[in-house]
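Residues or ranges marked as active site, charge relay system in TrEMBL: D112, H145, S370. Under the heading domain 'Peptidase S8/S53', TrEMBL lists 135-440. Taken from TrEMBL, the feature region 'Disordered' covers 266-291. Annotation source TrEMBL lists compositional bias 'Polar residues' at 278-288. Under the heading domain 'Secretion system C-terminal sorting', TrEMBL lists 847-916.
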Amino acid sequence: MCLSGKVTCSAQIKTESTQNWQIDLSQQYDRQRRQTLRLVQKNKWPVRKNYSRSKQLVLQETDPLGSPIYYTLHNTEAARGTRTQALYKGGSLKLELSGSSTALSGKIGLWDGGRALATHQELTGSTAGVPVVQQMDRADNLSDHTTHLAGTLVARGINPLARGMAYGARLSIWDYTDDLSEITAAAPDLLLSNHAYGPVVGWVYNPSRPGADPNLKWEWWGNSTMSNTEDYLFGFYTTKARDLDRIAYNSPFYLMVRSADNKRAETGPPSGTAYFLKNTNDKSTLPRSRNDSYDVIPAEATAKNVLTVGAADVTFNNQNLPITVGSTAFSGWGPTDDGRIKPDLLGIGTDVFSTLSSNPSAYGIYTGTSMASANVTGSLALLQELYAQQKARAAGGASNGQVAQGTGQFMRSATVRGLVLHTANRNTPAAGPDYRQGWGLLDTEAAARVILNADQAHYMLEKTLESGGTFTQRIVAEGDEPLIVTLCWTDPEGAATTFAPASVNSLTPKLVNDLDVRLNDGRTTTLPFVLDPGNPSRPATSGDNFRDNIEQIYIPNPSPGQAYSLSISHKGDMTYAGQPFSIIISGLRRSPCSFAVTISPRVDTTLCTGESLLLSSEARSGFTYQWLLNNTAIDNAVSTTYRAAQAGSYALRVTDANGCSATSPSVNIQMKSPKAILNPATDQWLCSNGQPLQLTAMDIADSQIEWLRNGTVLPNAQSATLTITEPGRYQVWISQQGCKALSDTVVVRQSTVNAIALKPDESDLILLKGAMVTLYAPTETDYRYQWYRDNTLLTNANDDRLSVSEQGVYKVRITQQTCVGWSAERTVHLPVLTSVSPRSDSSFMAYPNPVEQTLDVQYAYPNASDVQVSVVDMQGRIRQSPTKLKAINQLFQGTLNLSNLSAGVYYLQLSDGDRTRIWRFLKK
């Protein structure tokens with residue numbers, strides 16, 4: 001409900017041409033990649049280095065000084081820890097979610113260091129004909145890490161211990177080489193993607209270094225030009241982080257989940273011990289930062305609009321509920337250089353059992369923020385699936401939840417991010433977030449309960465705040481439980497931090513559109529949580545948050561029935577015309593109000609498709625109104641009347657000036673939509689032999705029927721079956737309880753199989769040796785062919801033409817649906833000339849060859865008596881009737897006029913009793 005200020009319900013505002021910015025960004029990273037490959041050849045840098053089975057370094061790009069930047073993977077029973085199993089079949093929420101919904105198909109991605117084993121028993125099969133995992137690029141490096149993450153996301157559960165978070169979903173996989181270009185192209189089609197990799201930073205332990213002393217195997221990967229004491233990339237808002245924010249802003253439903261890295265597990269050698277500089281043999285003993293405290297989350301994971309995930313250290317009770325929540329000893333801590341909260345969230349990343357790539361039944365246990373990020377990504381997929389189901393139910397069926405004024409089938413990425421941070425599990429929720437665990441451990445069950453909203457304690461809202469506007473809404477607390485308000489938005493990309501030593505640990509905020517949430521009870525204004533990056537271990541306080549694009553107000557013990565004014569505004573100028581935002585509220589009042597609400601008409605109603613019913617209620621001064629369909633608020637339905645035009649349960653929620661709400665009894669509307677279906681439903685052929693053709697109207701119980709031919713009602717045709725005796729366009733009207741439906745048209749045509757003429761036209765054909773003749777049958781819709789020779793069916797002769805090289809009597813049988821017809825017969829002869837060989841006792845010649853008009857023929861044979869010549873074409877057809885040659889002194893001769901023959905190659909066939917001779921000639 002937009003109560004005041006400049007607030008719109010529009011979708012994400014963009015000022016960039018989507019195609020243009022995608023092309024520009026892709027071209028930019030293509031150029032950088034080509035430049036990197038040129039430097040590889042020039043400097044002989046290794047493209048890939050294996051430090052151990054679980055640690056590989058892959059060259060990705062160069063920094064502004066031309067130094068190589070390598071990427072590595074973030075390694076060091078997840079569903080239980082994050083309460084995701086509550087959404088499965090048999091779970092406490094009775095939802096039976098698995099990620100298998102059609103709406104979710106193709107919307108989960110994984111970028112990682114190689115290719116997953118697609119033939120693993122947990123990753124085989126298909127969803128709607130598409131493989132469970134699909135490699136989208138040409139990655140040729142089979143990876144345990146990628147296979148393990150793929151299993152954590154979507155493993156089918158052949159081994160129940162390895163069941164993935166979204167075990168019914170399918171997964172698209174890319175190698176992380178050229179990831180920004182690929183992400184840019186894929187973003188419009190994705191909802192979620194997992195990224196458990198990043199640049200090689202700080203201290204790196206390399207067990208492949210020679211020697212037995214582990215203290216002598218450390219490498220320092222910092223850039224000394226930027227800083228001699230710490231790796232500048234920790235907390236640094238790089239150009240890649242900026243570009244990720246740009247992609248996220250232009251793809252408002254797409255959320256990238258990134259791991260927070262494991263750098264607190266790699267702290268370098270003892271003080272004074274020599275170490276290597278990167279992967280060279282150069283050494284140093286200069287003291288460096290230990291990576292063992294705050295500000296150890298690097299580069300892309302510092303982006304504002306990604307969900308950065310650390311690994312949780314959790315203790316559970318006998319009911320599988322967390323007793324204590326913290327981050328593991330290896331998981332990266334924030335803040336970012338400008339003081340933003342990172343990590344955002346914790347997932348289960350310790351001792352995760354999942355698939356490996358060594359063989360189709362291989363499994364293994366991995367630990368790291370990589371596993372935690374996959375645990376979170378798969379769980380978020382189920383939340384999007386649940387939301388889509390609730391939206392679908394609200395649009396056309398029963399629903400048991402409330403999601404106010406959503407903008408589409410799925411939640412915006414800001415809504416997803418705000419929801420999971422709103423419901424995250426912390427040791428002391430009132431203490432707020434910190435730079436170690438972010439907002440806490442993912443609690444998928446709690447997030448799902450907010451979407452379901454069975455107790456009406458929660459509220460989710462997606463809006464757009466226009467420049468200079470303020471959004472306000474009155475809310476009432478239930479009391480005796482916390483009132484929590486979380487504001488989240490996808491912020492436009494900030495300016496990348498300048499690559500210069502003076503910019504290391506720069507506090508310049510990266511927030512572009514600074515939104516503010518406030519609660520006022522009439523006496524006191526409550527501000528959101530804030531942290532102090534200058535004192536990162538200090539607990540959160542309340543104040544003006546000018547750093548983060550998520551804010552939360554937490555009132556631990558509001559008075560029952562206490563009304564608050566919720567306001568959202570912004571500071572300064574706003575980039576672009578407006579800023580979309582998401583609000584999640586919990587702890588709202590559920591008790592009934594003292595006034596009653598009724599709507600008219602009060603009785604359930606049945607409407608025909610296309611009809612509508614006007615619902616109304618009395619107007620009350622100072623009251624606000626919200627119409628509900630299946631317990632879900634209807635967009636822009638905020639007056640005392642509403643015209644209902646779809647099936648469902650309608651009610652009106654009325655709120656007084658004090659924020660107390662009451663809801664009317666519901667009125668159920670059914671839409672009667674009879675279906676008129678003909679069988680057969682396709683066009684038909686009417687046979688000429690009087691064979692009957694019938695059309696049948698299907699599913700016509702309690703219906704009245706009218707048949708139509710060419711748009712005119714047929715008299716005395718009210719039964720379910722109609723016998724067709726003449727061509728036309730046939731339809732049927734079905735009437736049920738006053739509602740009518742007209743079927744699709746079935747066109748009936750007169751069959752043509754009773755008049756089958758073959759080509760060539762001649763009934764007798766002569767086939768010369770080595771020649772072939774093609775018989776052609778007519779073509780028509782629905783014709784099916786079967787050729788015969790000498791009344792014997794020819795195998796695989798089912799086309800509209802038949803190439804003949806053997807003598808016999810040929811014909812074709814044509815069926816057109818149920819109609820059958822036969823062609824006239826064609827006789828193909830193989831004359832004696834096909835076996836003729838030259839004879840030495842006679843001479844036969846014809847000239848000129850080639851010939852234009854006339855051909856002179858001579859034949860000498862002492863015993864000849866009756867000599868005839870005829871002209872035959874290459875298909876064996878006689879093109880000029882036999883001509884008798886005249887005998888003069890035992891020399892037979894004659895002249896043939898060939899002026900009517902078309903140009904081509906022909907045979908001159910001479911017969912002398914049982915003797916046959918041929919002569920091949922060219923007609924010009």
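Note that Cβ sites are derived from N, Cα and C of the backbone, with glycine treated the same way.
Just so it is clear, the model here is predicted, and its values are computed rather than measured.
Within 10 Å of the C-beta of D112 (active site, charge relay system) there are 26 other C-beta atoms, taking all protein chains into account. Under the three-state DSSP scheme, D112 (active site, charge relay system) falls in the strand class. Across the compositional bias 'Polar residues' (278-288), DSSP classifies residues as 0 helix, 2 strand, 9 coil. Note: the Cα of D112 (active site, charge relay system) and the Cα of H145 (active site, charge relay system) are spaced 8 Å from each other.
Taking each Cβ in turn and tallying the other Cβ atoms within 10 Å, the top scorer among the active-site residues H145, S370 is S370.
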